[in-house]
Amino acid sequence: MNLVIDIGNSSAKIGYFGADSSHYIYKRVDPSELPAIATEMKPDFILISSVTGDAETWKETLSDITPAIWVLNSQLPLPFTNHYKTPHTLGTDRIASVAGAQALYPNQSSLVIDAGTCIKYEWLENGTDYRGGSISPGLHMRFQAMHTFTRKLPLLEPTPEVFLTGTTTLEAMQSGVIKGMTAEIEGIIEQYKQQYSVSNVIICGGDAHFFERQLKTPIFVVSELVLIGLNHILNHTIDNLKRY
């Protein structure tokens, strides 16, 4: 059994996968719960991804459960060719989302959109070659920026009903952020379709379902794409060990 752990700034997500990856459990947990959860699950293999820089510490903490434990970093072999010029700066969440697209749609070209704190676009060509992507401010970051860098604009939460022409300052802010971000996403998708042969557009991240309602472009929403990708990378690591 595989246990994959995605540690964020305030919480962690875990995925527990069976041998054929068809049976799985997804959970959001407090990082402090990880040792107890891992002990209870008794996995054979563990892969840890962390955006907080403490993955090696967690590896040491969990090493009593199984010696077959890895940290996702730029040195770990990947199931696709990474053409990124600075692989050491590539976030592990970005790597995992690309691997998730490869696992779900092998041998197909996929545009992955992670709508989280930042919105990240990743291009996987033919299911085998990661070419890079782009990063821009996410939904809540845009609201936060307007509040932080002006004197009078309040801090808002996004609302599902948005008017193109706001008749109040609050409506205008909602329109600017949500309509603007929706137009950005649809524009980026269209540019990729004009330049490449795009088989799939996959969206994940905390705001994925919000934009599913806003976007007119056909997309696949896969909320747990990062965990699926981590499991795919872990299986690739295990297969490499079996060859030697």
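Placement of Cβ uses the backbone N, Cα and C atoms for every residue, glycine included.
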Asp6, Ile7, Gly8, Asn9, Ser10, Ser11, Ala12, Lys13 bind ATP per TrEMBL; candidate in Thr86, Thr89, Thr117, Thr128 listed for that same site: Thr117
Residues flanking the ATP site, with Cβ no more than 8 Å from the Cβ centroid of Asp6, Ile7, Gly8, Asn9, Ser10, Ser11, Ala12, Lys13, Thr117 and excluding those residues themselves: Pro31, Val51, Thr52
